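To start, the structure itself, in structure tokens.
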């Protein structure tokens, strides 16, 4: 029964790591794994987002649903999300916001009393839990902190008022994009570029230059000293085939050969700020592992249900 | 500098040649210094004139101008023409109107005038109208003592006021003031508010009046016809060539009259004179000869004989008005009806004879040379009738009616032998007839004016407020007057003369295709202009008066006839001189800017037109191909020291109508001008209208696609106006996050579409995905929808009135029960019994807890008022889609015209796109949402770009919407470099549209492929896709057709009373019909039981008692528990069988018509 083991040992090399941005290489694995990781990051890593809004007073220009929708899309810091319960699985409460295991309550009170337009922003949301607050972008370098007033929810003119109670819950991006922690998750195959140096030498400098410039991105350059074409940034290559076409048009097919390495991927992960980009990757791996556990235990569905709840059911196509 | 000045007027080409032909080094250095430093002299960018034009004229200026003309001038003319009411009993008693004017819009509330604003009227169902004030002078007093009294500002009625016209409160207001009045600054005005609804008087297109039109009739006979229209009379005169003889056709005569007889009746007794008048060309004489002979054969030689002959031909029954007995009836008809537009002064029929001769001559020319035929579809032969003219007709009719009414009442008073009180003329004025008449006609749109024989329906329409563009498009719509004859294609075809006047793209599909048109961006429609000064000016400029010319002299070879508004003034020996003199006067502003002078070489005529309804457009004047507008003019315009009117006044620009355009040689661009060029277009994109102007790169699309978009742009959801949330429309579609198109056009900026957009910029990938994208369906990204793409708000109005009844009872609205039966359905009610704003309303919820008295007629039983038991509940319940949550958005209370309280609710429903909702791009590419797919399954690029929607590439080859592809490229470039790109029609040469080369360069600069294709990975597998995918932003519109409003299914449900079959239509929860064709399929298949089940069991089964003897239907006697045949009077031979109820009905209906269908039963 035991087949040959296809086990591989993928390697991760981190290139760049900021709070909301990560770039890393994933090597020695398959596209399916890389894609699974990407998909989980987009759709299955849980975060906290406002899910229920009770509006007490709203005399603003935007209607209730409009504001509720906008509130939902505000990213909240969700480090706690992995340890929280889904409110549908929570036995301690009925999801009314009183329960600390599954929900966080927010309050917003704003009234404009001056003639100047009042911007109601995510900073005006008061959280019952100091670990779950609207994401603050002001500390990210480069911006003046005083100008950053959070995400605008609505603008009020004199006399208009907005008062509401909102409950944030844990959820995943599959249910609604507001729970997706990922702004951008993408990967590319690492290109492997071979320049046929002999053939390249047959080109004049002018030709080389025009060939180098035929690429819309700056992949190649000419060494100012040796006047040889060198690969400056292989990852800038967008698989657009422009250089290959150009080479053919110049009558030099085979001037360059470009392959995609089938087993190495360069990931770019940008987070919404709900969780750190690095944490996003780790959480994704965690969720992926849980899913694989569910697959392993799927013979015994009852047990799987006990252990993984919804996740197990989902794996069986629920 | 001197060098520059010298060359300023030279075209660029010559300049360049100069460079190459003077290679001497000395000269070159000279040029270098002086010239290369100076900016390259290109064609002057005249684009800025377009916004300036629109600023001055506005998008609906034609409506406003026309209405202003009526209100300021037209109404005064009408009143001046009918200024006396004289008693027929005592002619010394009279009333005279000395002046008339329109006041400020106001309404009378308890005898006090209250100022009105348009928005107030919209909200409280009032008419936005202003009082018509007259100054009068009249005789009062008793029989003996008569004094003349004067009274000022007597109100005789209320005139609905066109919004933004000169009498509207919005006139000349700036944005802040408009906002205070609750008005949108981008709203064009030009419509009326009648009983709270906005009504547009559509522009009516008709054949021009008082002009000779040469045409063929159904039998192929060539005829010359004139539709005459004067204040006094309207008639149609046709001169026809039948069997080589010429006849006159006039409604007053029973048959066709030989034209020579008519000429003789008008005093042209000599045949020679007639021949001379027509022209001495032997070919003409030859054509005229049979007619002369025919006339002679009837023995008509003298005027008297001719009149007698005509007398016999008169229609017997024509009750032709009151004409004095001493005059012959025929003479009167010839004077007043025959070519009525040619006046007969002091019995001088000569002008009329000459006119008839010219008609004959024109007709003969057409017979000899088919090219001389007039084209009825030619825009120069058309007149557009605008709201001012129509309202003026209406007012004239009503005013005259009022005068007759008043004189009748006066006569009635005076006829009384003993008058007790002093009678006052002014009291009998100021009835409601004018107010009501105007209001009714404008609100129904049925113009029924007997006096002018005007019976037309659907002249007004409710202003389309579906989107901002729909509103604008509606205001520029031109509807045809003649019936929509389906077969002829001529009127539907695109006329070359429509260029620049009517939009070539914007016309509906189907029935009205090509008949309903839309004005182009810069079109102006003229209003009437004073004729007499122009006529005397013509005589001053050397026109030889018709009176002084003999028939022979009329057609001398080197002279041209001068025809002014269809009237022959005389002839001129130097027509070109005359025309250029007139034009010079016009350019100098001495005569009206819209007067057109048109030299028709072929007809040897100079046409001068100053009548209203001609379409014209501004053009830049060029002298020998050199534009009069120079750089410094445009600079002054930009600096704000020069306005569009200054350009006009300085003779840099002039308006040309369609006829005069034929005398001009118009260059599209300054660079293309030759020495013969007389005019230069301002901007080529102005040939399109408002709706077509939204399309980016329309000149790259297949033309029907632009037409489709023109229709679809009006259905797109977006913003309606800045005041959209303060309005109380019955139905309003809004977009939650409307955007400004990334790829704009100049028209978009000019009309304000960038401020009130109706769509969103979606990143589109052109690829196949999932198979749910066949037949133009699009695949949408769920995350995009989550984030608000395509989300819309639907607002519906519900209304209720608190009715008052005759017996002084009225409905009441009571506090809801909070517990017990029905309390569930009353949860959203406030304590006052009316739903409160912000509450979520579900189907079957009560939104107003109203009760009405049981007895509404007759006297009340008790004087104590009604007790609770005297009321029956008449609650109103909300009917909406099941399972959807709508919200009560606003509640408004106001009193309506009958001073009942009227309560309006606005119900709001926010919808996100679902499968089946309709979307379209701006290129006539509509499609429904085929499926919604999770973002992780969507393809992505290595930059992390993931499309919002996927469109199938099969949409492109057959539609050939290259413009859409360029829009994608331009949008992508725009996103990457942060600049809105332009795609104005024909804009590439003038820089109002970006070239694909430039766009590609931008793309490459930002690391994209020049062709807009990206390398994309599959979201499902993570593998790269086989092909490069064309991906970028395209502006997508969400159209108003949504599944939620259309989906429908039914099991069992309501039935029609008469036939007992299921009802029809979604609104009545109807069934889905198995129609004839479906039935045929089932018959062919042989599924008889299925047919039986569908057509009877599930439709209208009915059990009947059939008598086996007589075959008629009986009935079931429930006492005896048997069937009885009412014909045989027994129940012996009764069988029971099932029949469709409709069949039973048919049998009975036939019986009622004395047809006896008998059923013959056999054992099955």
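We count from 1, first residue shown onward.
Every residue, even glycine, has its Cβ placed from backbone N, Cα and C.
As given in TrEMBL:
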COMPBIAS  B:1-20  compositional bias 'Basic and acidic residues'
DOMAIN    B:58-419  domain 'RNA polymerase beta subunit protrusion'
DOMAIN    B:209-385  domain 'RNA polymerase Rpb2'
DOMAIN    B:461-525  domain 'RNA polymerase Rpb2'
DOMAIN    B:562-622  domain 'RNA polymerase Rpb2'
DOMAIN    B:644-676  domain 'RNA polymerase Rpb2'
DOMAIN    B:691-1068  domain 'DNA-directed RNA polymerase subunit 2 hybrid-binding'
DOMAIN    B:1070-1160  domain 'RNA polymerase Rpb2'
REGION    B:1-28  region 'Disordered'
REGION    B:863-882  region 'Disordered'
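Across the domain 'RNA polymerase Rpb2' (B:461-525), DSSP classifies residues as 17 helix, 12 strand, 36 coil. In terms of DSSP helix, strand and coil, the domain 'RNA polymerase Rpb2' (B:1070-1160) has 32 helix, 23 strand, 36 coil. Between the domain 'RNA polymerase Rpb2' (B:461-525) and the domain 'RNA polymerase Rpb2' (B:1070-1160) there are fewer than 3 Cβ pairs closer than 8 Å, counting only pairs 6 or more residues apart in sequence, which means the two stretches are not in contact. Residues 11-13, 43-44, 49, 52-53, 55-57, 378-380, 497, 501, 524, 526, 579, 583, 586-589, 593-594, 596-600, 607, 609, 614-622, 624-629, 633, 637, 682, 684, 989-990 of the same chain, all 6+ positions outside the domain 'RNA polymerase Rpb2' (B:644-676), place their C-beta atoms under 8 angstroms from a C-beta of that stretch. Sorting each residue of the domain 'RNA polymerase Rpb2' (B:562-622) by its DSSP state yields 13 helix, 27 strand, 21 coil. Taken through DSSP, the domain 'RNA polymerase Rpb2' (B:644-676) splits into 13 helix, 7 strand, 13 coil. In the predicted model, residues of the domain 'RNA polymerase Rpb2' (B:1070-1160) average a pLDDT of 91.
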